Amino acid sequence: MDFTIKTMADYAAEGKSPEVLFWVGCAGSFDDRAKKITKAFCKILNKIGVEFAVLGQEESCTGDPAKRAGNEFVFQMMAMTNIEVLNAYEVKKIVTACPHCFNTLKNEYPSLGGNYEVIHHTQFLKELMNEGRLKIEGGSFKGKKITFHDPCYLGRANDEYEAPRMLLEKLDAELVEMKRCKTNGLCCGAGGAQMFKEPEKGKKDINVERTEEALSFEPKIIATGCPFCNTMLTDGVKHFNKNHEVEVKDIVELLAEAEDL
Amino acid sequence: MQYLDNVIFLILLIAGFGLFGKSLLKIYRNIRLGREINRSDRKSERWETMARVAMGQSRMSARPVAGILHLFVYVGFVIINIELIEIIVDGIFGTHRFLATIFGHTFYNFFTATLEVLALLVIVGVVLFFIRRNFYGVKRLTMKELFGWPKNDANWILIIEFALMMAFFTMNSSDFILQQRGVLAAHGSFPISEMTLVPFLEIFSFDNIFLEIVERGAWWFHFIGILFFMNYLYYSKHLHIILAFPSTWYANLDLYGKFNNLESVTKEIKLMMDPNADPYAAPAEGAEEAPSKFGAEDVFDLNQVQLLNAYSCTECGRCTSVCPANVTGKKLSPRAILMKTRDRLEEVGRNIDKNGKFEDDGKKLLNDYISKEELWACTTCNACTQACPILLDPLSIIFEMRRFLVMEQSAAPQELNLMMTNVENNAAPWQYNQADRLNWAKD
C-alpha cells in the first residue's frame, strides 16, 4: 500500500476517533485473493478522504463459521472478545467487505451486548455516492457485460439487493441478471461453514452449478460482493477453463479500476 | 319416524366434529412436547403477516401457474363452506335452502350463482393439479421422497375435492329440475348446472321421485363427504389448510440472517470471562437449571413452532427445488426434514397413546430419521425459508441438530473441527497467526 493504514489504537493514541471502522475479516486479512479486495476498498476510502481505521491485530474472527457449524461456544467466545474490544474503542459505525462478518456483527452481536451501525461496503459506497463524496465514471467498463452474483448473507439474509446493483450501474456496463438472482439467488456453496470442508456427495458442486449459470450469459465479468463467493466462483470459472476470458471481481475492485487506483 | 333424518344427521354431525376435535387435541398435545418458545411479541405485525401470507396468499404468486390454480381451490373452498352453514341448519331442522329465507330472493340467487362459478373453478383447479402432479412431471412433485403415501395422499385429496364438487352440482341440478316442475319451491340460481348437468339429466326424463332421491343422495354425500374430509385431514398433508394460519402467525419475523444466540451458553462464557467469578461456587438459590441438552437430537428438543411447522407442511417442495444442496444432487431436502420431523412426532404420539406416557423406543429423530449427511450439506443460505409459501423454517431444525452434533457429540466432520480449533486458537478459521492480521497493509 502506498499510504499508511491506521488502526483504532493509532487513532486512540492521537485522542481521535475515525469516521468508520473497517472490519477486514479473516478472508480479507489472510486470503491472497481477498486481500486485493481489502486493498481496493482502502484505496477508494483513502482517495476520497474517508477517515477509517482497522483493528489490525486486535481483530478476531466474528465467529460466523463456528456458529453456523453449530458451535455456539466458540462463536460466543469470539463474539464476547470482539465486543469487548469494540466497546472499549466506543465504535459506532462498522463497514465490512464480507457479508458473513456483516451479518454476524449486525444481527447476532446486539443480543450479546454489541450494538453498532453495521454496513456492507457496497452500502457504504452507495452512501458516499449519494453524499456526493464518491464519483465514479465507468469509461473502461462501458458496454462490457457484467453479471452480479447475490451473496446470500447480503441479499436474502439482510434484504440488500439494490446497493451493489446501483454501484454497478454507475460503471455504464451492460448488467445482465441471472435467472436465479435477488430473492431467488443461488448460493455459491460456501455459506454455513461449507467453505472449510469438502462438499457432501452429489451430482456436482454448488459453485460449478452457479458458475455454469453465470457463464451461460457469456459475461466479461462476474461481479461479487463477498470474498467467499469470489473464491467459489473463481474456482468455478477455472473448472470450465474460462479463466482467461472471464474475470471474477468484487464490486469494489471494479470501482477502484474505474478510478485507476 | 318423521325425524329420523334429522336425528341421524345430528349424530353424524356431532360424531364428525367430535372426532375432528379429538384429532386436533392430539396434534396440540404432540406440538406441546417441544420446547417452549416466546413468539407472542409484535402482535400487530403477526396478525398482519398472517393476513397477508395465509389469507392473502402473497407468496403463492412466485409460481404463477400453481399460484392461480391454488387460488381457485382456496377461494372456492372458503366460500363454499358458507354452504355448510346452510347444510347444517337444513339438516337439523329439516328445512330446505334455509339461507334463501334470510338472504331474500335476489341476494340468494347471487349467492348460489357465485357458489356454482367457484365450484367450477375448484373443479378446473383440481383436474389440472391432478394432471400436473401425475402426468406432467413437475420435478418437485415427482421426487423420491414422495413415493408411497405422500403421493397417494395428494391424489386422494384431489379426488375427494372433485367428488365433493360433483355432488354439489348433482344436487343443484336435480334441485333445479324439481323447482322447474314445481315440486320444490324455487330458490337460487344455478347457471353452471343449467348449462351442464341439467340438460344431461333432462335427456333421461327421470320422474320426480327419482330426482328427489338423487337430490337427497347428493346432499347427504356432500355432507358426509365434508365430515370425512375433515377427519381425513389429521392423516394428511392437507392439514395446512388449518395450520397455515398459526404457522404464519408464529413465524420468525427477524431477518433470515439472524440466528438465535443460546442464552445458556452466554451465561457460561460470561462466567468464564469474569475474573472475579468463583468457578466452584454453587449455583445461587432459585437459579435456573442448565438446559439438559444443547441443540436437538429428537423432537422433544425442538421448539413448539418447529413442531407446528412439521404438521403444517403440505409437501409442495418449493423449498427443496431451490435448495442448492438438493439441486446439485446431495441428500439434503428441506421438505424431507419437515416430513421426517412429522413422522417421528407422530410415532412419539402413538407411543404416548399406547403407553400413557412416552416410553423410550430406542429411536431418535437424529440418525433414525435424519442423517448427518443431510445436516452437513446445508449452506444455511435460507433459500428454503424464502420459498415456503407459509413461512415454515426447515433451516432452524437443521441448525439445531447441527448444534447437537457439535456441542453434545463432538461429531462434526474433521475439517470443521480443524476450522473450529483454528477459530478458537488463532481467531481465524485458517491457521494463521493473529499477529499477522495487518500484513496485507505492508505489501
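Sequential numbering from 1, following the chain as shown.
Note that Cβ sites are derived from N, Cα and C of the backbone, with glycine treated the same way.
All annotation found in TrEMBL is predicted automatically rather than curated by experts.
For B:6-25, B:65-88, B:108-131, B:152-171, B:217-235, the entry in TrEMBL reads transmembrane segment. Residues or ranges marked as domain '4Fe-4S ferredoxin-type' in TrEMBL: B:304-335.
Using a Cβ-Cβ cut-off under 8 Å and counting only residues 6 or more beyond its ends in the same chain, the transmembrane segment (B:65-88) has close neighbours at 13, 57, 97-99, 111, 114-115, 118-119, 121-122, 124-126, 128-129, 132, 161, 168, 219, 222-223, 226, 241, 316. Cβ atoms under 8 Å from those of the domain '4Fe-4S ferredoxin-type' (B:304-335) belong to residues 27, 30-37, 39, 62-63, 66, 139-141, 143, 145-146, 150, 154, 237-240, 243-244, 246-247, 250-252, 341-342, 345, 371, 373-375, 377-379, 381, 383-390, 392-398, 400 of the same chain, restricted to positions at least 6 beyond its ends. When DSSP labels each residue, the domain '4Fe-4S ferredoxin-type' (B:304-335) comes out as 20 helix, 0 strand, 12 coil, counted as helix, strand and coil in that order.
Across the residues of the domain '4Fe-4S ferredoxin-type' (B:304-335), the predicted structure has a mean pLDDT of 97.
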